[in-house]
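Database features, via Swiss-Prot:
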BINDING   HIS26, CYS34, CYS37, HIS38  heme c 1 binding site
BINDING   HIS29, CYS81, CYS84, HIS85  heme c 3 binding site
BINDING   HIS39, CYS50, CYS55, HIS56  heme c 2 binding site
BINDING   HIS73, CYS95, CYS98, HIS99  heme c 4 binding site
Amino acid sequence: VDAPADMVIKAPAGAKVTKAPVAFSHKGHASMDCKTCHHKWDGAGAIQPCQASGCHANTESKKGDDSFYMAFHERKSEKSCVGCHKSMKKGPTKCTECHPKN
C-alpha cells in the first residue's frame with residue numbers, strides 16, 4: 001500500500017475545531033495492518049478518509065460509531081488512536097501529546 005510517510009490529520013471542513021491538528025506518521029505504524037484503522041477498506045481499492053460518508057462523517061457529536069471525534073478518541077476501541085495506544089501501553093494518550101498547544 002502506498003501511504004504518505006507523514007501527514008497531518010485535520011478536522012473536516014465545517015467541524016467545530018477546538019484543538020490543533022495532529023501530526024501522524026504512517027511510517028511509524030507500518031508494522032500494523034492497515035485495516036486496523038481503515039476498518040472499512042476492502043484491501044484493494046482506494047482508502048477513504050475517516051470522515052467519508054458511511055464511516056465517521058458525523059462532526060456534530062462526540063458520541064456514536066459515526067462520530068469523527070470517536071474515530072480517534074474512543075478509549076474502549078482498539079480501532080481508535082487513544083484506545084489502541086492504551087491497549088498497547090505505548091504511544092500518546094493525553095490531549096497535548098497529540099494536539100500541541102498553539
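Even glycines carry a Cβ here, placed using N, Cα and C.
From a predicted model like this one, the values you see are computed outputs, not experimental measurements.
Structure with Swiss-Prot features highlighted.
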residue	record	Cβ contacts under 8 Å, 6 or more apart
HIS29	heme c 3 binding site	CYS37
CYS34	heme c 1 binding site	VAL1, ALA3, TRP41, GLY43, ILE47
CYS50	heme c 2 binding site	HIS56, PHE68, ALA71, PHE72
CYS81	heme c 3 binding site	PHE72, HIS73, GLY91, PRO92, CYS98
CYS84	heme c 3 binding site	THR36, GLU78, GLY91
HIS85	heme c 3 binding site	GLY91, PRO92, THR93
CYS95	heme c 4 binding site	LYS19
HIS99	heme c 4 binding site	LYS19, ALA20, PRO21, VAL22
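Between the CA atoms of CYS55 (heme c 2 binding site) and HIS26 (heme c 1 binding site) there is a gap of 20 Å. Using a 10 Å Cβ-Cβ cutoff, HIS39 (heme c 2 binding site) registers 12 neighbours. Taking the Cβ of HIS26 (heme c 1 binding site) as reference, residues of its chain lying under 8 Å away and at least six apart in sequence are, in sequence order, ALA3, PRO4, ALA5, ASP6, MET7.
Around the Cβ of CYS98 (heme c 4 binding site), 21 further Cβ atoms fall within 10 Å across all displayed protein chains. In this structure, CYS81 (heme c 3 binding site) is part of a helix by DSSP. Here the Cβ of HIS73 (heme c 4 binding site) has 17 other Cβ atoms within 10 Å, regardless of which shown protein chain they belong to. When the binding-site residues CYS37, CYS55 are compared by the number of other C-beta atoms lying within 10 angstroms of their own C-beta, CYS55 comes out lowest. Comparing Cβ neighbour counts within 10 Å across the binding-site residues HIS38, HIS56, the minimum falls on HIS38. Listed in sequence order, the residues LYS19, VAL22, PHE72, VAL82, PRO92, LYS94, THR96, GLU97 complete the 8 Å Cβ shell around the heme c 4 site centroid, once HIS73, CYS95, CYS98, HIS99 themselves are left out. Using the Cβ center of HIS26, CYS34, CYS37, HIS38 for heme c 1, the list of other same-chain residues with Cβ within 8 Å runs, in sequence order, VAL1, ALA3, HIS29, MET32, LYS35, THR36, TRP41, ILE47. In this entry, HIS73, CYS95, CYS98, HIS99 make up the residues listed for heme c 4, with the farthest two CA atoms of the set 12 Å from each other.
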